[in-house]
């Protein structure tokens, strides 16, 4: 159900010295036989961007989409990895640093479940997501991976922090339902990718969006929850939540990495997605509960669907052809 080496491959942080094997997945097989790796995809994307830049320069134009971030082979900020490494043992403390994430499950689990049911029209009483394969990117200690698994989905949680994967694996072992369903995770693409409270910690959103499209089946769903880049989000998510109320550890968020729904939608659409819904979320620090709101000024949830035509296939083929030419 969880794996670190595969997660590091996906985030572009893989090292041959990493040897974690977690949950239902034997890491070497997951990385070697799953049919994709984000590291390889990032390399292909970089080659494609360089080719595009070369073609543009021949026409004396400046490629507006080309940047140092978009050409990166890694989506992860090493400082973020170190920060979450220090918190890896605290994921399942419902009153600790991750209390707000535990409470967020009351919104994000139904949000994912209901949108997937609308897309797939499944009929499995008691296990409504049975038959679907979900990739939980940046799963941490498995706070969202576990409830999705209990709904019947075949979920793989990946994270670049090995100790967080260890915490997730140990906690899953105490759940009879999840423990009995342990099995090797086969290859192929996914029906859904979940990145909840992840994108605001990444170093390269453009490559991340591209890779999400690559690992999804045509017509697959992408679910994101994150923070808007507004003055209000800075005041509440950083000044209030981190510095005054200490709801989350100081330094957890970098406001410069926040992204507005408009910019995120534009980024996803440029990578072959169609955004289906965006909904505001509001946290009450007194009650410790989340609620839906019409305002996306602070937190928001997004559901997007990958185009059926799979536009990444042609782009990847072009990059491969360039490599061999």
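Glycine is no exception: its Cβ is also placed from the backbone N, Cα and C atoms.
Neighbour count (other Cβ atoms within 10 Å of the Cβ, all protein chains): 22 for residue 108 (S-adenosyl-L-methionine binding site). Summarising the annotation, TrEMBL assigns S-adenosyl-L-methionine binding site to 108, 138, 159, 196.
Annotated Mg(2+) binding site per TrEMBL: 197, 200, 201, in sequence order. All protein chains included, residue 201 (Mg(2+) binding site) registers 20 other Cβ atoms within 10 Å of its own Cβ.
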Those binding-site residues listed as 159, 200, and which of them has the most Cβ atoms within 10 Å of its own Cβ: 159
What is the separation, in Å, between the Cα atoms of residue 138 (S-adenosyl-L-methionine binding site) and residue 201 (Mg(2+) binding site)? 10
Report, as a single number, how many Cβ atoms besides its own are within 10 Å of the Cβ of residue 197 (Mg(2+) binding site). 22
If you count Cβ atoms within 10 Å of the Cβ of residue 138 (S-adenosyl-L-methionine binding site), leaving out that atom itself, what do you get? 27
